Amino acid sequence: MSSLTRLLQEKRKNETSNSSPRTSADTLTTTPESQSLDLHSRNKSSSHIGSVSNSSSSDRNRANVPVPGSVTTVTQIYSEEDSSSTAGSSLDDRNQFSSSFLNANFAHTASFYGTSAQSRDRFGSLINDQGTAGLSSHGGSFAAQNRITSRLSTTSHTSGRAIPSLSSSIPYSVPNSNKDNNSSNSNSSSLSSSWLETYAGGMPNNISAIDSNVISSPKVDSVEPRFVISKQKLQKASMDSNNANATQSRSISRSGSFSSQLGNFFFSKNSKESSNSNSAGMSFSANSNGPSPNIKNPNVTNGSTPIPKPIRARQSSIYSASRQPTGSYTDNFYGSPSSVHDHLPPSQSVPRSQHSSIGDLKRFFKKSSNSNLSSNSNNVIPNGSPLSSGIAVPSHSHSSSHFAAGNNSYSTSYNGNGDTIYSHSHGGSGIPFSKRYIKTGADLGAGAGGSVKLAQRISDNKIFAVKEFRTKFENESKRDYVKKITSEYCIGTTLNHPNIIETIEIVYENDRILQVMEYCEYDLFAIVMSNKMSYEEICCCFKQILTGVQYLHSIGLAHRDLKLDNCVINEKGIVKLIDFGAAVVFSYPFSKNLVEASGIVGSDPYLAPEVCIFAKYDPRPVDIWSSAIIFACMILKKFPWKIPKLRDNSFKLFCSGRDCDSLSSLVTRTPDPPSYDESHSTEKKKPESSSNNVSDPNNVNIGPQRLLHSLPEETQHIVGRMIDLAPACRGNIEEIMEDPWIRSIDMCHLVEDGLSFKVVRGEDHHHTQVDQSEAHIAGLEKKKKKQNNQ
């Protein structure tokens, strides 16, 4: 029995004989020699938690070094007692913790006292590296210093920790794996919790994190009749409200949501309005073609239209594939467009839009009979009855107008169906699109979403690509049509990356919606078809495509329609992705929920197999698959297969030799869990399969080697991961960019040079340039037709 244990027992006997009241801590005095005793033997013979503190100078307390000849106080805390210490106790109140508390809350205790230089024995004592207890009774200098150091290191580490991109924050999902919403929600909650524990170290432990941005409304079985408002009452109330506000100098309207503002960005329906207002300092110009306003009563739909799915745009031929460029431009909305009407007699009603601006800038515009008016004069604009959603309905013949405010310009147009469509441009001169741009007539391409033509800006003679969206189908609702256009435009204006096309503005003129984008001199498909690309040039273009995909995935977007047709390249060798009509959001910031995509979109040769098999799928591995097919096309100058279905013999051979008879089983495979012993995993033999498709690595005509053997050897590993039939087993974009071959590619890129960017070209290659007659898909189609006619 150690001397320290014997002293403790004697102290306990003395207290029992004296019949002293029970306290939570007892004090005894020991000699300095007792401090060198084995702590483990002491713990084995004692059921209490002991802590040692020196009563010498604070400097020696910080170093936790005993002073020769000094008196050391040993304090015990009974494990069966949770009450606080008495006034005569030598322990400070804030340092009195029972063993049950320490055992149950060791994680908190270790963090509080700092465990970087301390360990903990099995009875809960905090032991430092020198073998002495590290909890001070009074001064607590050493513990306090450890706490401060630990807190500072934690703070600095937290502040320097980078939030991960959304591309790798959620593991790849098996198609149709989120059938059970409850299990999905529980999994996402646990994932979100682990994410917060990893990347939100400064967050208190006693709060609950919000892991979803979706707030559900309460469900109501029935509505009492007294709460039901008819359309007539709603219209009458709106009319009365407008008449009451007629004497006010300014009116403020607010839309209910951001999506309604985007919808009103193009269309607004007005009914009769009559009120007086003062204009707010703007000039505008209008071009009218015989307006004959006949005001209609607003029509309100009772049911909400389901969110439309992207239209299937599948083309087996590369020449007829869709080419719908959109782009990237960081757009700041300073105001919301409002309808302006000219050339109307004062007795006729003029519709007025009733939606608010995103930048909370509300303005009224003056009615005038001239094309341009000063903002100093007051004009009367009759107002009608807006609907509760902020939509009003006009009905007159074709007319268009354009107005400017400061550095922003807006155009307002009307068609025969009573639609009001707005456009917003930055730094516009306040004149219509046809007077600011000249269409050269050269076609760049056409597809299901519209056609793309060249246009020259009159002010500086700069060339742009103008996409003219298709007209609304007869069986297509206006809501679906507007949603498709607004989503594509808003995605384009949100993106800002050198490898993403830039969107300049969107306007409406002559019943057609036009989107102005930056112009790139060549289509990547035309460059590939010229058969002049070197291997280094192909690698440069491939890495630039992957860089653009990495940017999209990092912000939670997936393209879903990657192909050679949707890649353009400028004369400086910078590749840019276009056409975001099929793009979807797969994840939102600070959320671990995966939003699965649905629908078959894209061109057949580039489609991933899960898109053709399952209704819902993770869109990220779809982009990875399509990127690999693009690389194979650039190398082989042909498609590996026409469509990823078993009826295609080439794809069937690609799926063969995998020890499985079902394509669905191959697609739904999951990655093997990591083995704790690599040597054991290599020695483990796989069970023999009874499948008819036995794998044969030496046969280059079946299995993945059917495609990989035609590619350069250094590319086979990473491309093989990108074309894995199972989307859950494919490499994510972060892993692909870290591949040694990808990292070794000398890619042309842009670097910031003051207020502009300069191109850093790759040293091992030059980018191919072709004649402009063959630089775009439209030119190749003309050449092909001419050859067929001959």
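Just so you know, glycine gets a Cβ as well, placed from its N, Cα and C.
Swiss-Prot gives the label phosphoserine to one of Ser137, Ser193, Ser368, Ser477, namely Ser137.
Checking Ser34, Ser83, Ser357, Ser429 against Swiss-Prot, you find phosphoserine recorded for Ser357. For the residues Ser217, Ser385, the entry in Swiss-Prot flags phosphoserine at a single position: Ser385.
Of the candidates Ser116, Ser192, Ser401, Swiss-Prot marks one as phosphoserine, and that one is Ser116. Of the residues Ser141, Ser279, Ser339, Swiss-Prot records the annotation phosphoserine for Ser141.
Site annotation for ATP in Swiss-Prot covers Leu444, Gly445, Ala446, Gly447, Ala448, Gly449, Gly450, Ser451, Val452, and the matching candidate from Lys435, Lys462, Lys467 is Lys467. Each of the binding-site residues Ala448, Val452 was scored by the other Cβ atoms within 10 Å of its Cβ; the lowest score goes to Ala448. Of Leu444, Ala446, Ala448, Gly450, Val452, all annotated as binding-site residues, the residue with the shortest Cα distance to Asp561 (active site, proton acceptor) is Ala448. DSSP assignment over the region 'Disordered' (766-790) gives 16 helix, 0 strand, 9 coil. Following the DSSP three-state reduction, the secondary structure of Val452 (ATP binding site) is strand. All protein chains included, Leu444 (ATP binding site) registers 22 other Cβ atoms within 10 Å of its own Cβ. Secondary structure from DSSP puts Leu444 (ATP binding site) in a beta strand.
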